[in-house]
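Colleague: Sharing a structure, written as structure tokens. Questions coming.
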Amino acid sequence: MNNKKVIFSGIKPSGDLHLGNYLGAISQWVELQDKYECLFCVVNYHAITVRQDPETLKQRTKDIVRVYLASGINPKKSTIFLQSDVYEHTELAWILNCTSTRMSDLNKMTQFKDKARNNGTSVSVGLFDYPVLMAADILLYNTDIVPVGDDQVQHVELCRDLAKRFNHDYAPTFKLPEVMIRKQGARIMSLSNPENKMSKSAEGDSGCIFLNDALEAARKKIMKAVTDSGSEVKYDLNEKPALSNLMTIYHLLTGESYKDIKKDYEGQGYGDFKKGLADVVVKFLTEFQKKYNAISDKEVAKVLERGATCAKVLAQETIKKVKERVGII
Ligand code: TYM
């Protein structure tokens with residue numbers, strides 16, 4: 001074991017991944033690999049909190065591993081694994097449910113309230129309990145830092161609360177993780193409705209650039225993106241929320257500062273800027289998809305096997321300690 005700090009994060013295979021997932025989470029992870037001990041999980045038990053088609057779920061689970069690899073997560077540096085390969089996730093979630101979680105904690109979760117509203121009467125208990133499974137994911141690995149988009153901040157805060165309660169009620173056991181969100185890109189908004197975040201489950205898909213979108217479809221979505229009144233290309237979240245979101249995508253994909261982007265488009269209108277952004281996005285997708293398509297099923301299987309072996313060792317150490325504290329033999 002080295003003494004690098006531990007990073008844990010994950011994505012659920014409940015839909016195709018989009019630029020929000022990439023810019024808010026995955027691209028940030030790539031930068032962290034050299035400095036930290038990183039674990040990146042495909043959290044497939046989280047996906048079944050809402051109904052999934054079984055065959056599609058199996059395929060998507062493997063596709064997310066491909067996205068990780070194509071994005072530059074290096075399996076020689078980071079542990080990439082499936083939640084369902086390490087049984088301790090669900091085991092710890094049950095223990096935390098019983099020992100440390102109150103109904104009132106989960107009643108406060110805004111993401112549950114939003115999702116429950118959209119799912120009518122068929123809301124599962126799993127959807128309500130989901131943040132406890134997420135806490136278990138994080139706490140099993142003595143995680144120091146959790147890099148996520150800003151919609152997950154409340155869940156990480158709950159994880160800290162559960163850890164604190166367990167440590168207080170039994171004995172010091174869990175490390176308290178910190179959330180890490182990007183200064184820019186923590187919340188990429190929909191292209192068609194800049195008041196909503198870009199989302200796998202949003203109605204229609206015109207506001208969402210998927211990583212597997214056909215290039216021309218992606219270009220069209222950018223050209224159709226909603227903009228604000230006025231015509232000057234400048235970053236201003238209050239006056240120009242829609243354009244600022246587009247500029248953030250441009251900034252994150254090219255590394256160009258907002259100031260330089262503004263200079264480049266001086267005297268030009270929104271249409272010219274959108275054409276430029278469409279070129280940037282198409283270039284990114286072309287390179288990304290080339291790498292993605294070159295990754296074989298065999299490679300995915302190999303990465304997951306090695307990842308599960310590494311993750312299990314760490315998870316088993318934690319669960320042993322937890323069961324001892326609670327009195328489970
Ligand atoms: P999920 O699968 O919904 O999203 C994966 C990651 O993408 C980020 N994200 C965004 N970032 C910026 N702009 C957006 N529009 C956008 N949409 C999504 C999310 O914040 C997330 O970082 N509960 C988690 C998965 C999870 C997890 C964990 C994460 C389960 N256990 C433990 C960290 C640690 C989720 O549903 O993410």
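Here, residue 1 is simply the first one shown, and the rest follow in order.
Glycine is treated like the rest: Cβ placed from N, Cα and C.
Caution: TrEMBL annotation is automatic and unverified by curators.
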Colleague: Given that TrEMBL lists Lys12, Pro13, Ser14, Gly20, Asn21, Gly149, Asp150, Asp151, Lys197, Met198, Ser199, Lys200, Ser201 as binding ATP, which residue among Ile188, Ile209 does it place in the same site?
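Modeller: According to TrEMBL, the candidate sharing the ATP site with Lys12, Pro13, Ser14, Gly20, Asn21, Gly149, Asp150, Asp151, Lys197, Met198, Ser199, Lys200, Ser201 is Ile188.
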Colleague: Fill in the CA-CA distance, Ile188 (ATP binding site) to Asp137 (L-tryptophan binding site), as an integer in Å.
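Modeller: Distance between the two Cα atoms comes out at 25 Å.
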Colleague: Whole-number Å distance between the CA of Lys200 (ATP binding site) and the CA of Asp137 (L-tryptophan binding site)?
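Modeller: So the Cα of Asp137 (L-tryptophan binding site) lies 22 Å away from that of Lys200 (ATP binding site).
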Colleague: Can you check which residues sit near Asp150 (ATP binding site), meaning Cβ under 8 Å from its Cβ, same chain, 6 or more apart in sequence, and list them in order?
Modeller: Gly24, Ile181, Ala186, Arg187
Colleague: Quick one: pull the CA-CA distance for Lys12 (ATP binding site) versus Asp137 (L-tryptophan binding site), whole Å only.
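Modeller: So the alpha carbons of Lys12 (ATP binding site) and Asp137 (L-tryptophan binding site) sit roughly 12 Å from each other.
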Colleague: Among Lys12, Pro13, Ser14, Gly20, Asn21, Gly149, Asp150, Asp151, Ile188, Lys197, Met198, Ser199, Lys200, Ser201, recorded ATP binders, what is the largest CA to CA distance in Å?
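Modeller: Among the residues the record ties to ATP, max Cα distance equals 19 Å.
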Colleague: To see if you understand the setup: which same-chain residues, six or more apart in sequence, place their Cβ under 8 Å from that of Ser14 (ATP binding site)?
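Modeller: Long-range Cβ contacts: His46, Ala47, Val50, Gln52, Arg60, Lys200, Ser201.
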